[in-house]
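Written below as structure tokens is the structure these notes are about.
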Amino acid sequence: MSNNNYPPPPNPPNYQGEEQVHNVQPDLENNQEKYYAEQPQPSQQFEESFKIDKPKWNDWPFTVFFLLTVAGFIAIAGITLNALKKTYGLQGSSIYNSTDTFTLNTNTIILFGFIIVVGVVLSVLIIVYARMAPRVFITTGLILNIILGLGTCIYYFVAHYYSAAIVFLVFTLFTAWCYWSCRHRIPFSATVLEITIDVMKRYPSTLITSFIGIIVSGLFSTLFSVVIVATYVKYDPDSQGCDVAGGGCSQSKLIGVLVFVFFAGYYISEVIKNVIHITIAGIYGTWYYLSNSDQGEPKHPALGAFKRAMTYCFGSVCFGSLIVSIIQLIRSFVQILKQNAFGSGDNCAGCGFLILDFVLGFIDWIVRYFNHYAYCYVALYGKSYLKSARDTFDLIRFKGMDALINDCFINTSLNLYSMFVGYVVALLAYFYLKFTDPAYNSSGTFYAPVVAFSFLISGQITRIALTVISSGISTFFVALAKDPEVFQMTNRDRFDEIFRNYPQVLQKITSDH
């Protein structure tokens, strides 16, 4: 069908023989005024473009609950860190003795700079490669993933680790089957990847937002880890920290405090991650709906999206994050019980907990995946979490397989290339230490920590771009499923390309929850 048959915008495309609308009660025809009111309106102010229906403060009780959780975590951190500080000399100050102390001399400064520069350069090259040859990028990533899984399977068979070998063989065969049966969808995924990267280049604030999020998450993860150790120091009955002010010690108190610390840590981490996701989704939403409007797009979309995520929509963020945090906490307990069962020789109970852990892990993945799209609705339309969840259910009901395949293709490739960057930087760091031979590594004891540090840091650098691409892809898919006529009107050539590779773009989802 010729692409010249598009009707005049702003109506949806009307190709003969194509189903156009998935009507979800109430239907579009009876609610056009209210339906189109959901779309962001042109304005110079982000708050005016992305208006929120009353009540503006969505899901506010969960904001209160989150703030109480943060206050409790801060209180426990203050007590336990004080105990850790006062017993620091008894705990030991380093893994290594004084003769092996790792000092920041010129050599290490150059090494850190070298790691960061190489990681950034390789990450940029990967993005350039993905933009220039998206189909080859995705196909290569998927094939390499299959080869890597097959190689791991063969290694485990050679090592006579048959249980792991069979698991990897099953997953590798399943991955190969998915690739072969769904390979015709790669062109659509490639087009979406192109568009997402182009928007990322147009809005550098997406990368800045992700970078800030990585730093904040890293700092909190460090604090979280230290508080866990400090909790043992303060409340373990056999610890020297029992004599420090802040309450007595007992096994029950230790377990109770640890439960809260783990819950609070998971909860706060989830909230941080989702605030960043909503902020980036708001930037992509600005581009999708308003970049080509006559009045222009709002100024400072990143700041406006972040402000809304931290105010009107923060309760919705806390609501969805709470669900994931509870699942994570339960799964952590199950993993502890599993380890204790196997450690005590009770293999029957251990297998039961192993199966339960797998089920909880699958549920955790489903909820995270669901939340990822639900928060796109929160970012774009300012709805409460439950209303966004119902819209997400409609999206998954009608286009869930399309979204899942698209995400799997792109994310698998991105994660594989990210791991490649980590391997390359870690190898270069090893050669750097080997050939410069710094004094602190004269005995070779710092190869492992420096190489591990290089791998982690380079991976974090690459994750900055990956987080943006992942959020951008999901936001674009949500907006395209809900309002394809907007993209048809503002990006006609791109829309034609998407239609050729993905005719289901005409199957518009309309809902009013």
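Sequential numbering from 1, following the chain as shown.
In case you wondered, yes, glycine gets a Cβ from its N, Cα and C as well.
Keep in mind that what you see is a predicted model, and the values were worked out from it rather than measured.
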Are Lys86 and Glu485 on one side of the membrane in Swiss-Prot? no
How many neighbouring Cβ atoms, not counting its own, are there within 10 Å of the Cβ of Asn441 (N-linked glycosylation site)? 19
Maximum Cβ pairs under 8 Å to the transmembrane segment (413-433) among 109-129, 347-367, 461-481 is reached by 109-129
Counting only CB pairs under 8 A, let me know which of 109-129, 310-330, 347-367 has the most with the transmembrane segment (461-481). 109-129
Decide whether the stretches the transmembrane segment (252-272) and the transmembrane segment (61-81) have at least 3 CB pairs under 8 angstroms, with pairs required to be 6 or more apart in sequence. yes
Decide whether the stretches the transmembrane segment (310-330) and the transmembrane segment (164-182) have at least 3 CB pairs under 8 angstroms, with pairs required to be 6 or more apart in sequence. no
Considering only Cβ pairs within less than 8 angstroms, which of the stretches 61-81, 137-157, 211-231 has the most against the transmembrane segment (164-182)? 137-157
